[in-house]
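The block underneath contains the structure these notes are about, expressed in structure tokens.
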Amino acid sequence: MVSLVQSHVFVRDVNTLFDCAENITINVELHSTFRSNLYFSNSVVNLDQIHGCDAHFSGLLLLKVPLDLAQNIELGETWRVEAEIKPIYGLLNEAGFDAERFYFGQRVIAQARVHKLLQRIEKADLRGRWYNEVYLQTAQLESRPLILALLFGERSLIENQQWSHLKRTGIAHLIAISGLHIGLAYMVGWWIGHILRIVIPTWLWLPVLSAVGMATLYAWLAGFSLPTQRALVMCLIAATALFLGIRLSRWRILWLTLAIVLTLSPMSAVTSSLWLSVGAVIIIFLAIGPNQSRLEKQNPEQRVGKAEKKQSKIYIKKLYTWFRIQLYLSLGLAPISAWLLGGVAWLSILFNAIAIPLVSLFVVPLLLAGILLNPVSESLGFGLFQLSDMGLSLLTDLISKTQAYSNLWFQASQMQILGLVLLFALICVRKRWLVFMLCIGGLCVAMVGLENNDTKWRLDVLDVGHGLAVLIESDERTILYDTGAGWDEGSIAQMVVEPIIVQRGTGIDALFISHWDNDHQGGMNYLIARFLPRYVFTPQQDIKTLPCMQGQFWWWQGLQFEIVWPPKTVSRAYNPHSCVMRISDGTHSVLLTGDIDAISEYQLVDAVAQSDVIIVPHHGSSTSSTQVLVDKVDANIAIASTSKQGRWSLPNKNVVDRYRQSGSRWLNTGTDGQVSVRFLSDEVKVMTLRNPQTAAWYRQILRKGVE
């Protein structure tokens, strides 16, 4: 019932916002720092007011600010801006970042593209001022990005390379404020309360109040993000039960926490972080084991008596329990990590054995003390920040020494993930019948995954927005044609291409770059370094790559490749010089065209043969796809790689009509998501990921139901 009500409210808010107008003046409050991509700096903001609209509305928006304007806005400030309201259009592929699901889980209802900053309505709030003070104070500290991440949950300053190193060593979770950190703050507050009780012995509940206060403070510093909210709810339940004298088992506290979280925020059920957190807590409870459960059922006098008899062994048992928890977490979270991140840091147990005590017992307490003492004495606060910087520097030095070892990160395919699940069950689950059932289930899944079919090869046009990335796969070997766009802090290759290749468990045999525009080769350097393809072909003259020229011809995995354009390489490959390639298995064929223009089409048309599938030139622009080319290729399927409601307004309607009138089935990644074409012995099967009949309802709402 609560979920239905929340869903109705979400739909109402979306409709209310778009009923006001597309171009509006709004007041927004910045709750998190900006993250930049190719064109914009993005941040989730709170919409406080809509000017010129009678509707009373408040909610969350994805604010997209031009790069040159974003530097004027600081955390915690409220601004009046002129913006264009647009639906949230995310990419949809078999793996990689799913923006629509991510923002729906946070209850973000739309995006606002800022055209003009009108006025700063309010200066930064207390959290924003503290952030700015620490930002300036720690300017000379090597670990400033990590300090700001651990204090405020703002990770925008962490470079991609450093985050990648944290991930591959399995300690990235320590830098993202979550249940571990809130629980640590709760424990620190508890001990502070115990110390204060020495001075005020009559305040019996001071430790509990201090613990709740410290946990709440840390969650507030982190902007009350969803992970911190979940952990804070759990702390409040435990504190309330203690205060009221209610005995709750740890399992009951967990299920009660989950029930409250889903009641307050049912949309968070679609986020992977919720279930990752719940999974981690369950694994910790399993690691503590039944002995601890029996202790819970004993009265306090029995526990104290047994503890006194075995005082000499208590620390050894605690140390054993701690390592047991680490082992269970490493094994239990490995399948989840492999599924969500595409791999496993197989030495994470060793790195965490060093990093967890360092961060939890040294760095975080110093940072919390520093932020609390900073308003009283900046020199004292800065001194504590310096000490925490020393601890984090030790951690980063350890990580930097592992950069030369590329095998610390184990890529995992879907079958290997299944194997990890069964391994955890065999080692950690005590009930034999449950292990047996898991093994039977795993065997069935494996048989389905290995089911024999007559698919000879496949082609996948990935949903990369305005750009192009096409995978050609045969017998678990892959060729990539173009990489999508790239920017200073990332690329489509990292967001989409890499996760798909890793999930499939393949590499890249060869990489083709059609031409040198960013939306086609922006991720080239990253993918070359990541997958080390044996061959790289481009029409641009480069001593590090092989030429892509008319007349080249070879075989790969039973497929025939023929280059039909350009006639020669050039010093700088623009749209007209795109590498045009035809792939055939003797029965079916595909034509990949890059961004060729009309003049190039007239010149190469005699060299082109009929093809079953054509990747539409230049994203369906009116400058390409002449009637001559469309008639000569006579494709059954035409696929355009476009961005939904992109800045170039592609594909052109006349181009779409031209293909349809020639008998081609028109597909568009901006509307259909990833398009997969499977070539069987006697037919061609097409599958799109964005299907209106099977898609989650929230995707339709976020996109304004255009599909």
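Keep in mind that glycine also has a Cβ here, set from the backbone N, Cα and C atoms.
Unlike curated records, TrEMBL annotations are generated automatically.
Marked as domain 'Metallo-beta-lactamase' by TrEMBL: 466-644.
Under the heading transmembrane segment, TrEMBL lists 171-192 (among others). Counting same-chain residues at least six beyond the ends of the transmembrane segment (171-192), those with a Cβ under 8 angstroms from any Cβ of the stretch are 146, 149-150, 153, 155, 158, 163, 207-208, 210-215, 217-219, 222, 225, 227-228, 230-232, 234-235, 273, 277, 280-281, 348, 351-352, 355-356, 359-360, 364-365, 368, 395, 399.
Annotated transmembrane segment per TrEMBL: 204-224 (among others), in sequence order.
Among the features that TrEMBL reports, transmembrane segment is placed at 231-249 (among others).
What TrEMBL records for 255-288 (among others) is transmembrane segment.
The annotation transmembrane segment is assigned in TrEMBL to 327-347 (among others).
Distant neighbours of the transmembrane segment (353-373): 130, 134, 147, 150-151, 171, 174, 180-181, 184-185, 188, 214, 217-218, 221, 323, 326, 380-385, 387-388, 391-392, 394-395, 398; these residues of the same chain sit at least 6 beyond its ends, with a Cβ under 8 Å from one of its Cβ atoms. According to TrEMBL, the feature transmembrane segment maps to 353-373 (among others).
Taken from TrEMBL, the feature transmembrane segment covers 380-396 (among others).
Taken from TrEMBL, the feature transmembrane segment applies to 408-426 (among others).
Taken from TrEMBL, the feature transmembrane segment applies to 433-450 (among others).
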Item checked: Residue numbers, six or more beyond the limits of the transmembrane segment (204-224), whose CB comes under 8 Å of its CB atoms -> 31-32, 127, 130, 151-153, 177, 181-183, 185-194, 196-197, 231-232, 235-236, 239, 242-243, 368, 371
